[in-house]
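Undergrad: OK, Swiss-Prot features for this one:
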| type | residues | note |
| --- | --- | --- |
| DOMAIN | 4-50 | domain 'TM2' |
| DOMAIN | 277-339 | domain 'J' |
| TRANSMEM | 5-25 | transmembrane segment |
| TRANSMEM | 30-50 | transmembrane segment |
| TRANSMEM | 81-101 | transmembrane segment |
| TRANSMEM | 105-125 | transmembrane segment |
| TRANSMEM | 135-155 | transmembrane segment |
| TRANSMEM | 185-205 | transmembrane segment |
| TRANSMEM | 218-238 | transmembrane segment |
Amino acid sequence: MAKGLLMTYVLWALGGPVGLHHLYLGRDSHALLWMLTLGGGGLGWLWEFWKLPSFVAQANRVQSWKQRPEEERPPLSLLRFASQIVVGVYFGLVALVSLSSMDNFYIVGLPLAVGLGVLLVAAVGNQTSDFKNTLGAAFLTSPVFYGRPIAILPISLAASITAQKHRRYKASAGSETLSVRLYRVGLAYLAFTGPLAYSTMYNTAATINYVAETLGSFLSWFSFFPLLGRLVESVLLLPCRIWWLLVGGPGFNSSRFQEWEKLYEFVDSFQDEKLQLAHQVLGVPEGATNEEIHRSYRDLVKVWHPDHNRHQTEEAQRHFLEIQAAYEVLSQPKKPRAS
């Protein structure tokens, strides 16, 4: 049955990030890739807007693949090669989070996960690659960097190079029912998300610590841009606040959800830490009036302005930026904190 361009665009708009249009076109590997990456982080989904006509045309001439000589190879695609590396690293990171506690993880689990990510991208569209050689390259590379998380990158690079070397067009296959295709895609999706969900829920403390450290490092980048930092904090805390609106207050019944509430408090505490640091920088006590804050700010700006400290420009500039950031924090209207 011929595929319609209009229907493809409708499915792209309604469920593009989860690959509905690819399922419609029979591109199951591409659909699975979009499910696991939410449309390539949204960028791949948007970029496909201009590619959909070629996807539809390709789906409608599937039978022409039979006429391709076996020795014919698809043209080299730098985009596909780069995507293989990125997705391989992504699969490796997910495996590192969810499966690193298993025995021989760096010998078996990590190269297998990275290799499968590379093969998934290699199988997008009408192309594929050699399964054994690609996984073999991943397994042969992993012992060189045994026990190091950085091994994800060289393993992905080696597997991607091998997959490109053995790229080929897919052989023609008989048509399958939609239920069979969905069953296969669903199993693959569960195989990816199941271990990750298990690790997240049953190793809550470790997950919380890791997320908290990551958020702490991330938020520290905005120390000199308080307004932008507050915006980022609001975005990070938005899911928790939506949950509170739904349940009627900041209370979680499950002990595991209480751990996530602690994460909320951790992120929310950055505002207090910034206020304390701002008071220290300006040399004013907590509860200082706006006049005291402004007076201290003017005095410090005169002292540390770079134009007045040409003999120590770098230090003066650093202090000047700290003073500006601290004043911006303290000059904002005080908001009552949630109890």
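A Cβ is built for glycine as well, from the same backbone N, Cα and C atoms used for every other residue.
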Undergrad: Let's see if you can do this one: DSSP helix, strand and coil counts over the domain 'TM2' (4-50), in that order.
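TA: Taking the domain 'TM2' (4-50) as a whole: 41 helix, 0 strand, 6 coil.
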Undergrad: Restricting to the same chain and to residues at least six past its boundaries, which positions have a Cβ under 8 Å from a Cβ of the transmembrane segment (105-125)?
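TA: Long-range Cβ neighbours of the transmembrane segment (105-125): 27, 29-30, 32-33, 36, 58, 80, 83-85, 87-92, 94-96, 99, 131, 134-135, 137-139, 141-143, 145-148, 151-152, 155-156, 159-160, 163, 167, 170.
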Undergrad: Any idea what the model's mean pLDDT is for the domain 'TM2' (4-50)?
TA: 90
Undergrad: Summarise the domain 'J' (277-339) as counts of helix, strand and coil residues per DSSP.
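TA: Secondary-structure composition of the domain 'J' (277-339): 45 helix, 0 strand, 18 coil.
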